[in-house]
Amino acid sequence: PKLIILLRHGESEANADNTLWRTKPDNIINLTEKGIQQAKEAGLRIENLFQSYDDDDNNINRVQIHVSPFERTLQTTWAARPFFKHRVVETLLESRIREQEFGNFSKRDSTALREEQKRVGRFWYRFATGESGADVYDRIKSWWRESILTVNERPGYDSVDAIVVITHSLSMRFVLMQLFNWSPTTFHSVWDTGLCDMYVL
């Protein structure tokens, strides 16, 4: 593809109230009204980027979307996609790009857990009933190799010009980690992107 865009979801209920992780499962946390507006603005930015290619031989006519199956990423997709839907040929739910599992009812806001995580390292630390960063890295790497690197080699499918990935900040960083061969130390030096910020590859 000519372009791969990594987009973080908009503001969620738990971004606005970080105690919500304790009582509501991570996968059903919704966007706020502000988050929906952020997603619409991101959709317009994406369409403007695609339009910048439309005056030459690099037209972006066929776009594939990969989206994490969490509510906040699905809602981001529904709000952003209308701005460039005339280009979209396929939308795929991809569980391998979901958020890191911090535990069934997360205590990710716990000061004690965060201090312990700092001592161990964010890449290596495993949350109880959850995943380590290394687990997430492995599934992101599997998805990238099987679904992104080979996207235009699928028998019976036309090639795509661009891919939009709507996911979570940590997942975005793991894409960069495997793409640029970052060490865990380098990964630890990189922090969250802003809500509805995007990386263009």
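Just so you know, glycine gets a Cβ as well, placed from its N, Cα and C.
Model, not experiment: these values are computed from the prediction.
Every protein chain considered, the tally of other Cβ atoms within 10 Å of the Cβ of Ser12 (substrate binding site) stands at 24. A strand conformation is recorded for Ser12 (substrate binding site) in the three-state DSSP classification. Marked as substrate binding site by TrEMBL: Arg8, His9, Gly10, Glu11, Ser12, Glu13, Ala14, Asn15, Arg72.
Around His9 (active site, tele-phosphohistidine intermediate), the same-chain residues at least 6 positions away in sequence with a Cβ under 8 Å from its Cβ are Leu31, Gly35, Ala39, Ser68, Phe70, Arg72, Thr73, Gln75, Thr76, Ile166, Thr167, His168, Leu195, Cys196. TrEMBL lists His9 with the feature active site, tele-phosphohistidine intermediate.
According to TrEMBL, the feature active site, proton donor/acceptor maps to Glu99. Secondary structure from DSSP puts Glu99 (active site, proton donor/acceptor) in coil.
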Inside 8 A of the center formed by the CB atoms of Arg8, His9, Gly10, Glu11, Ser12, Glu13, Ala14, Asn15, Arg72, which other residues of the chain have their CB, for the recorded substrate site?
Ala16, Ile29, Leu31, Thr32, Gly35, Thr76, Leu195
I want to check the contact list for Gly10 (substrate binding site): same chain, sequence separation of six or more, C-beta distance under 8 angstroms. What comes out?
Leu31, Thr32, Lys34, Gly35, Ile36, Gln37, Gln38, Ala39, Ala42, Arg72, Gln75, Thr76, Ala79, Leu195, Cys196
List the Cα distance (Å, whole number) between Ala14 (substrate binding site) and Glu99 (active site, proton donor/acceptor).
13
Counting Cβ atoms within 10 Å across all protein chains shown, which of the binding-site residues Arg8, Arg72 comes out on top?
Arg72
Where does Arg72 (substrate binding site) sit in DSSP terms: helix, strand, or coil?
helix
